[in-house]
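Enquirer: Handing you this structure, nothing more for now.
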Amino acid sequence: MPFSDRKHRRSQKATPLIPRDHHGGGEFDGASFSGAVFNLSTTIVGAGIMALPATFKQLGLIPGVIIIVLAGFLTEKSIQMILRFSHAAKTSSYSGLAGDTFSGTGRNLLQLSIVVNNVGMLVVYMIIIGDVLSETWSQGVHHTGVVEEWFGLHWWTTRFSILILTTIFVFGPLVSFKRVDSLRYTSALSVGLAIVFVVIIAGVAIVKIINGSIAMPQLLPNVVDQASFWKLFTAVPILVTAYICHHNIHPIENELEDPSLMKPIVRTSITLCTSVYVATSFFGFLLFGNKTMDDILANFDGDLGIPYSSLLNDIVRVSYAIHLMLVFPIVFYSLRLNVDGLLFPYAIPIVYDDRRFFSVTAALMGFIFLGANFVPSIWDAFQFTGATATVAVGYIFPAAITLRDTRSIATKHDRTISWIMMFLAVSSSTVAICSDMYSIVYGSETAKA
């Protein structure tokens, strides 16, 4: 049954999120297959790729590959469920589907989860960009960034200045687009840069295999006590975070020239990203072994043991910083839509209101900029958002919508997959949160001792 306030708010069913003839910009004939694949793949391949090799250090090579493939399979299934139930409910947004299934409370809870997830990711992106280009401190050790290494310490190479300049001259123009399809070229470049990283890390690993300087990688998890066993589960939220893209499914589909292409678009994007993830994790863990850091980018801060090591380090770091700059606007797009939905549920779509569009955009950019200065660890940020909001957006809501089955279209297979997703999401999140709390308490006690 439709939620009670549907008749009062803007239509979630019939009103397009993006006008076809937009502010004199000419007739928009719809997004292409390739453009949608690039935009969806860019949504998926964000900073999470850098945390994946560290999960292999905990899980081992074989379980790590299996879980990455399983996470990709479950992600595709959850997206297909969302699309099928959205079409049945005749709604054009993820939050509209949640509202159709669980009323206004469900819609607001999903929107809040998306906001928490996206803000967390964007803050992490900005932190990484600052770390890579300017500087970072880790356990009292100062690590210089690429720009500082190249040009020395100046006012414009400081972390604050670089982030300000990036926000004004890169993020500002890119987050001002009102159509997600307008980002297709930057998304294509972003995916290309991620592939460049994979090629470099694979090339370095192969060279070191040939010269015999790489040891046999750990194939299975090394469980020595109860604490190490529970720590295995903290890797699962990182994998879930790496695949999150559900918040951009409807914006991308709504702009397609042929919406029936969305299913093969999803399958193509998931297959592409799974291949990138497996290759990155495999070669990254093979290359650095037990020295793999929580953020593998930190491993490219020293001698790789091959010729032109310094040049390769710089190429990896700069290309990935640019990659994240291009991922930022695609994630910001759905963040703005859901913040607007929470704050102005009865207003016309935000793309029709320039004042609201730019006010919300400026406020969010300011909030993210401030937040980027207060999150101390990329690993902590990913574990927190991955264990809470991201799991809800990617697994719990799709499973709950399917199990509720208000449209009576769920199959037995759908219900089985949904229960599996629900069990994995709830159990892994619970263990991850408990493990994080244990680590914080134990770590503080150790520090005092």
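Glycine too: its Cβ is placed from the backbone N, Cα and C atoms.
Predicted automatically and left uncurated, TrEMBL annotations should be read as such.
Values in this document were obtained by computation on a predicted structure and should not be read as measured data.
Straight from TrEMBL, here's the annotation block:
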COMPBIAS  1-12  compositional bias 'Basic residues'
DOMAIN    31-430  domain 'Amino acid transporter transmembrane'
REGION    1-25  region 'Disordered'
TRANSMEM  30-52  transmembrane segment
TRANSMEM  58-75  transmembrane segment
TRANSMEM  112-133  transmembrane segment
TRANSMEM  153-175  transmembrane segment
TRANSMEM  187-207  transmembrane segment
TRANSMEM  227-245  transmembrane segment
TRANSMEM  265-288  transmembrane segment
TRANSMEM  315-335  transmembrane segment
TRANSMEM  356-375  transmembrane segment
TRANSMEM  381-404  transmembrane segment
TRANSMEM  416-441  transmembrane segment
Enquirer: The transmembrane segment (58-75) and the transmembrane segment (187-207): do they have three or more Cβ pairs under 8 Å, with pairs 6 or more apart in sequence?
Expert: no
Enquirer: Answer with yes or no whether the transmembrane segment (58-75) touches the transmembrane segment (153-175) by the criterion of at least three Cβ pairs under 8 A, sequence separation 6 or more.
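Expert: Counting Cβ pairs under 8 Å (6 or more apart in sequence), the transmembrane segment (153-175) does not reach the transmembrane segment (58-75), since there are fewer than 3.
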Enquirer: Please indicate, using numbers and ranges, the residues of the same chain that are 6 or more beyond the transmembrane segment (30-52) and have a C-beta under 8 Å from a C-beta there.
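Expert: Distal contacts: 68, 121, 124-125, 128, 180-181, 183-184, 187-188, 190-191, 194, 197, 238-239, 241-245, 247-249, 252-253, 255-258, 261-262, 264-266, 268-270, 272-273, 276-277, 280-281, 284, 294-297, 320, 324, 326-327, 330-331, 378-379, 382.
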Enquirer: Taking the transmembrane segment (58-75) as the reference, which of 112-133, 265-288, 315-335, 356-375 gives the largest number of Cβ pairs under 8 angstroms?
Expert: 265-288
